[in-house]
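Straight from TrEMBL, the features:
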{"type": "COMPBIAS", "residues": "163-177", "note": "compositional bias 'Low complexity'"}
{"type": "COMPBIAS", "residues": "185-198", "note": "compositional bias 'Low complexity'"}
{"type": "REGION", "residues": "158-198", "note": "region 'Disordered'"}
{"type": "TRANSMEM", "residues": "6-27", "note": "transmembrane segment"}
{"type": "TRANSMEM", "residues": "39-64", "note": "transmembrane segment"}
Amino acid sequence: MVSWIISRLVVLIFGTLYPAYYSYKAVKSKDIKEYVKWMMYWIIFALFTTAETFTDIFLCWFPFYYELKIAFVAWLLSPYTKGSSLLYRKFVHPTLSSKEKEIDDCLIQAKDRSYDALVHFGKRGLNVAATAAVMAASKGQGALSERLRSFSMQDLSTIRGDSSSTVPPSVTVRTSSKQSHPKPSRSASEGTGSSGTA
């Protein structure tokens, strides 16, 4: 664990920050020789970082693995060994020069495919989002109308409850007067009929 932390710090400070500062100085001074030196370093360091991603997973159990990483970064940076320049000139430059056409073709195809895929998935994403928005709006509108209906029914029942407590005598009187009115008339007609028969 301690080796891992020390390794990460060394790679961060001496493998990234130190070269970044000297790359800045090379760009600022416009010294072509320094500029080329640091560009070679960054190409090698990019390959190292890519390889490190996988080797950290599979080779971290190897004895002195992290110490070897520290030594490798020091070797790349050392002005005496010129490790990055050596690796670039012996391996990377010849390989990239011989495969440059194929790499460029693959990058162009990948760029075109990724653009087409981005457009395709972008359209699908927009369609899904639009459908979801319409569905949410329709469900939301239905829920809103149901909520308004429930408020309306509740308000009506509240009004009925309020009106029955404030107006019930007249409503009750009207209903009872209608019902009681025919009864007296029947009893009156019965009374007249019975008085007529009597």
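Cβ coordinates are placed from backbone N, Cα and C, and glycine is handled just like the others.
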Intrachain neighbours beyond the transmembrane segment (39-64), with Cβ under 8 angstroms and 6 or more residues off its ends: 4, 11, 15-16, 19, 23, 72-73, 76-77, 83-85, 87-89, 92
Other same-chain positions with a Cβ less than 8 Å from the transmembrane segment (6-27) and lying at least 6 residues past its termini are 34-35, 37-38, 41-42, 45, 48, 52, 66-67, 69-70, 73-74, 76-77
